[in-house]
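S.K.: Mind looking over this structure? Questions follow.
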């Protein structure tokens, strides 16, 4: 592994640390011992000093809060992912109140409303009209609790932008995470005052890289969206990855070996996102890291600056 810059500080704004992969389980099959402690130790020693654990449903948000209470550097979002919005249907008022209860009871740990938004690539999980209805239902939580939005958008930029535009008086800002839209989408999102979250999936095509090179520095944040969205050798920006980590197959992985599980992303890999983003923008990596760190603190941790 190449030594990382000691000057850089990172905040991973999107990490799915409650996923079963960190328990050593893949598609219901145990492949190795739980290793989240090891994963977090790698993160803390790499320069990451805060991680926002993603809450994707009422139940996931509860788990994320429980996890965040195990470490002072862990925080969380609370909300319902678009592909999970059918969970609202049996009792919408109770579900929404459940989200409110989690937020109000954990104000020291909850830093955003979400993950919420629209996903038009996976209607098999939740149909469009249900997504639209319950995305909009969550938006007033932003102003109610003075928290930014952590937004999901897949092939749905026009509708997401239209809904946010109609509800601007109910939100205090936010970030569209894992952004992979067009330059036109970017401009419309920026006009709403929103920021942009970049991870490996945001840099997986030449078109993605072209758009990323044009993003205003003061609107940029970075994330891993682990255990997914790693930067792969097939991605056009991989040539700019300078910090390489040893990986092993999940069946050969052990907690004693300082290596990552092959194909499973983790927070320490945020350095790779920074390296690619800096290279394609022609930015100094240390200066870009400092700017992104400041942007992130201003949005999610204004009282901790």
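Heads up, the Cβ atoms here are built off N, Cα and C, so glycines get one too.
TrEMBL entries are annotated by machine, without manual review.
Annotations for this protein, taken from TrEMBL, read as follows:
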BINDING   115, 225  divalent metal cation 1 binding site
BINDING   152, 177  divalent metal cation 2 binding site
S.K.: For residue 225 (divalent metal cation 1 binding site), which residues of its chain lie six or more apart in sequence with Cβ-Cβ distance below 8 Å?
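M.R.: The list for residue 225 (divalent metal cation 1 binding site) reads 14, 15, 16, 54, 177, 178, 199, 200, 201, 265, given in order along the sequence.
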S.K.: Under 8 Å Cβ-Cβ from residue 115 (divalent metal cation 1 binding site), six or more apart in the same chain: what's there?
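M.R.: 14, 54, 55, 56, 77, 79, 80, 81, 150, 151, 152, 177 - these are the non-local Cβ neighbours of residue 115 (divalent metal cation 1 binding site), listed in sequence order.
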S.K.: Drop a 10 Å sphere on every Cβ of the binding-site residues 152, 177 and tell me which sphere holds the fewest other Cβ atoms.
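M.R.: Relative to the other binding-site residues in 152, 177, 152 has the fewest Cβ atoms within 10 Å.
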